[in-house]
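Q: Take a look at the following structure, please.
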């Protein structure tokens with residue numbers, strides 16, 4: 001069992017990583033006997049895990065209600081958020097309830113925002129079931145829903161009480177979702193840890209076949225890196241912005257193509273190559289390093305070019321609505337070397353468009 005603590009004073013919380021955690025009531029601490037829980041999951045995951053998690057919580061004396069949400073990024077919306085509020089109010093659940101997010105990034109982000117908002121804030125626990133949510137979205141307290149004009153535009157910083165990562169969930173993950181998660185894994189190596197990127201080059205095949213020790217190390221290292229950044233910059237005023245490598249481009253793809261048509265990790269993968277090409281054009285990143293990124297993403301089964309039907313010009317309106325924009329200027333996360341990156345303002349739109357075009361015609 002791996003255990004990492006995100007140290008944020010009185011809001012500190014553990015990340016527990018192991019197989020078989022759904023069999024142990026102690027995995028869901030700080031829940032105690034007699035407490036109320038609203039378990040939030042999705043239509044795909046409910047048949048797989050709802051009864052199991054409900055059973056282990058009830059075994060611990062916890063009173064469990066549940067709400068099942070439709071699947072897909074397109075449902076990370078205010079309308080679906082309202083169904084969670086309605087379920088909470090119909091019981092009714094008070095401020096002493098705990099929301100448990102059993103699912104991937106959509107369920108986790110939406111449930112976290114529900115917890116931040118309901119009666120001005122109730123406790124919640126993240127139980128991520130996809131690789132992407134295990135290594136990234138469940139850690140750090142970013143919660144949100146989408147708006148038709150932009151991804152994650154309505155949300156809050158709100159930390160969970162704990163994160164429970166059961167590695168067994170990955171056994172039911174479709175290959176495309178596994179690849180999507182690997183995009184975020186590879187991101188950590190590019191922006192923060194060159195040695196981890198080297199390890200990924202050597203061990204990607206083991207991750208693709210869900211080798212237990214390799215996957216446990218991979219998830220632990222990603223969570224360690226994410227925790228270090230969150231502790232240093234919880235509300236993304238500086239360092240934490242680096243975690244958005246590829247996201248400014250990727251969010252534009254998701255919004256333009258329609259949420260759910262490109263998985264988040266797929267869009268981020270293409271966006272990371274666009275960021276690398278931008279950095280190349282600025283003379284601060286080598287084509288050889290870009291090729292290492294492209295090779296690793298391709299081996300993981302991820303796209304390295306943007307959608308053919310989306311012109312370079314179509315990116316700009318979305319990028320100008322990005323949450324990192326300051327004084328009307330796009331801020332980009334750009335690699336300087338494998339394992340080192342920066343937040344860069346003032347890059348000309350022409351250069352950015354040319355970098356996007358590099359990835360459209362490649």
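The chain as shown is numbered from 1 upward.
Cβ coordinates come from backbone N, Cα and C, glycine included.
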Q: Look at the Zn(2+) binding annotation in Swiss-Prot, where 247, 264 are given, and name the residue from 184, 201, 309, 329 listed for that site too.
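A: Candidate in the recorded Zn(2+) site: 184.
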Q: Look at the binding-site residues 105, 108 and tell me which residue has the greatest number of other C-beta atoms within 10 angstroms of its C-beta.
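A: The residue with the most neighbouring Cβ atoms within 10 Å is 108.
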Q: Using the CB centroid of 184, 247, 264 as the Zn(2+) site centre, which other residues of the same chain sit with their CB within 8 A?
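A: Here the non-site neighbours turn out to be 132, 136, 183, 187, 246, 250, 265, 267, 268.
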Q: Within 10 angstroms of the C-beta of residue 172 (NAD(+) binding site), what count of other C-beta atoms is obtained when all protein chains are considered?
A: 13
Q: Neighbour count first, Cβ atoms within 10 Å, every protein chain included; then name which of 74, 130 tops the list of binding-site residues.
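A: Neighbour-count leader: 130.
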Q: Inside 10 Å of the Cβ of residue 169 (NAD(+) binding site), count up the other Cβ atoms and send me the figure.
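A: Neighbour count, Cβ to Cβ under the 10 Å cut-off: 24.
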Q: Of the binding-site residues listed here (184, 247, 264), which is spatially closest to residue 105 (NAD(+) binding site) when Cα positions are compared?
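A: Of all the candidates listed, 264 is nearest in space.
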